[in-house]
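Structure record follows, encoded as structure tokens.
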Amino acid sequence: MILGNLSALSEFRLLGFSGISHWHPLLFAVLFSLYLLTLMANTVIVFIINSDNTLGSSMYFFLAQLSCLDICYLSVMIPTILENLVVGTVSISKTRCAMQMFFFLFFGVAECFLLAAMSLDRYFAICHPLHYSIIMSSRVCTSLVAGSYICGTGVGLVHTLTTFSSPLCGSAIDHFFCEIQPLLDLLCGNTFLRETQVIVVAVFAILSPFLLIIYSYICIISTILHMASAESQKKAFSTCSSHLLVVALFYGAAGFMYLRPKYSYCASVDKFLSLSYSVVTPLLNPLIYSLRNKEVKGALKRKWRKTNLMC
């Protein structure tokens, strides 16, 4: 009877940062400011790329898609985190919790594969420059983005359906949003199969695109080192460095989060990791690409001058 009642739970309690309630006002101010800054920065990137004809290559098409993903990815969890910091423990319906998990996984996995698509774009641009415009046509780019969303949908559905169709033995989630790892702690009985499923899916969603990125950059670096001109080498490296930095930030935290066994989890460490790749990375992405990219900076300056002339 108890098990039946727990399995039929209609809502959960998100404990959030309950252990450091005295820091809630400061955390709210910091996260709310970062959220607004991230929305503004990514929106500017999307606007500049779509409104400037000089940024019409596939690289900037992918960058605009990345900014859109970051906006959506961050908006899935930040409202719940801010609510938690204001009211303390948040009650969240089972339906809302399931939707939050699905969209978090959907946008996160889509970003993994989009970063892999961006590495392919750099591979063809540097290793096969004469055929680049033919290979990376608008149709191919659109297909790669669509494939990223399809992979995100598949992973999100698998985890969400299997998690919320399993019997649950608790309602308190020691996290600030509905994520896989803390929900595993609520499953009844032996969770070995579910833990194995998480790792297997993580290998597909995180490791496989990461290996593709590594292979692409091995080929890219090999090609760059064989370039005769030092100036050409410098230019080639500069077009890849921003993407590599974003990959390191995103995959570093996400890989450590999901590619390890359950017994090594620590709630406080997991919360910090979740904040790093779900809040900090979406803010750093537009800053990395805009500050390190001459074309984007040039487009921003042109738009700024045009706006001043109109005023």
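Yeah, the Cβs are placed from backbone N, Cα and C, and that goes for glycine too.
According to TrEMBL:
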type	residues	note
TRANSMEM	26-49	transmembrane segment
DOMAIN	41-289	domain 'G-protein coupled receptors family 1 profile'
TRANSMEM	61-82	transmembrane segment
TRANSMEM	102-120	transmembrane segment
TRANSMEM	140-158	transmembrane segment
TRANSMEM	199-225	transmembrane segment
TRANSMEM	237-260	transmembrane segment
TRANSMEM	272-291	transmembrane segment
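Here the transmembrane segment (61-82) lies next to the transmembrane segment (140-158) in space: the count of CB pairs under 8 Å, restricted to residues six or more apart, reaches at least 3.
With pairs at least 6 apart in sequence, the transmembrane segment (26-49) and the transmembrane segment (272-291) have 3 or more Cβ pairs within the 8 Å limit; the two touch.
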